[in-house]
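Undergrad: Have a look at this one.
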Amino acid sequence: MYDISGWKHVFKLDPNKELSDEHLEMICESGTDAVIVGGSDGVTIDNVLHMLVSIRRYAVPCVLEVSDVEAITPGFDFYYIPSVLNSRKVEWVTGVHHEALKEFGDIMDWDEIFMEGYCVLNPEAKVAQLTEAKCDVTEDDVIAYARLADKLLRLPIFYLEYSGTYGDVELVKNVKAELKQAKLYYGGGISNAEQAKEMAQYADTVVVGNIIYDDIKSALKTVKAVKGE
């Protein structure tokens, strides 16, 4: 079994986006610590299975970030369950999770399942619009969400999600200083090695996503930048 607490760099692949076999091989053999499969829309059991089978040709750990209960399938090493703490809709905080537990609770392997406390900070992002996230928040608000995830809910992961735009480094630094047991994931807008390295100073795990589809060479350079190898 893999230890997620040591992961510094992960790639996130959207099953609803096209990725060539050649580029997938580059991603999986890049030295990244893991590949997360997940997206905000168009996620189906068919494209999740296609992605799973493709990634399983390689030795890299593989995680399904669950956004749709209908697209859950066995075969992943781990399952990340996001709870959008700054959502205005209870279904994205605990509602969908309750339905999933009602349907699948008896057969879940709890050693494979990790809950993520999300704080979505880009109002233009699909995930913000889907979950009706309250993005017009102060730093004090974000710190409070971090404390909620870390100290009150005791979640293993607190995820700062800027999704498509590069975030506030000082905020990431201050959030990290608040966390005692939760690991800090940062995702959003990383388009080059320098940005990845900058966020890696404070985030425990840097998530690289969209740049994979725009500039594969720049995406691959983020691995070494984060891991310092």
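Each residue, glycine too, has its Cβ placed from N, Cα and C.
Below are the features I grabbed from Swiss-Prot:
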BINDING   K12, Y159, L160, E161, Y162, S163, G164, G189, G209, N210  sn-glycerol 1-phosphate binding site
BINDING   D14, S40  Mg(2+) binding site
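Walk me through the surroundings of each of these features.
TA: The DSSP secondary structure for L160 (sn-glycerol 1-phosphate binding site) is strand.
Around D14 (Mg(2+) binding site), taking its Cβ as the centre, 21 other Cβ atoms fall within 10 Å, counting all chains. Annotation note: D14 (Mg(2+) binding site) sits in a coil segment as assigned by DSSP.
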Undergrad: With an 8 Å cut-off on Cβ-Cβ distance and a minimum sequence separation of at least 6, pull the same-chain contacts of L160 (sn-glycerol 1-phosphate binding site), or say none.
TA: C119, L121, V142, G167, L171, V172, V175, L184, Y185, Y186, G187, G188, A203
Undergrad: For G164 (sn-glycerol 1-phosphate binding site), what is the tally of other C-beta atoms lying within 10 angstroms of its C-beta?
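TA: I count 16 other Cβ atoms within 10 Å of it.
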Undergrad: Looking only at K12, Y159, L160, E161, Y162, S163, G164, G189, G209, N210, the residues listed as binding sn-glycerol 1-phosphate, what is the longest Cα to Cα distance in Å?
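TA: Between the most distant Cα atoms of the sn-glycerol 1-phosphate site, 17 Å.
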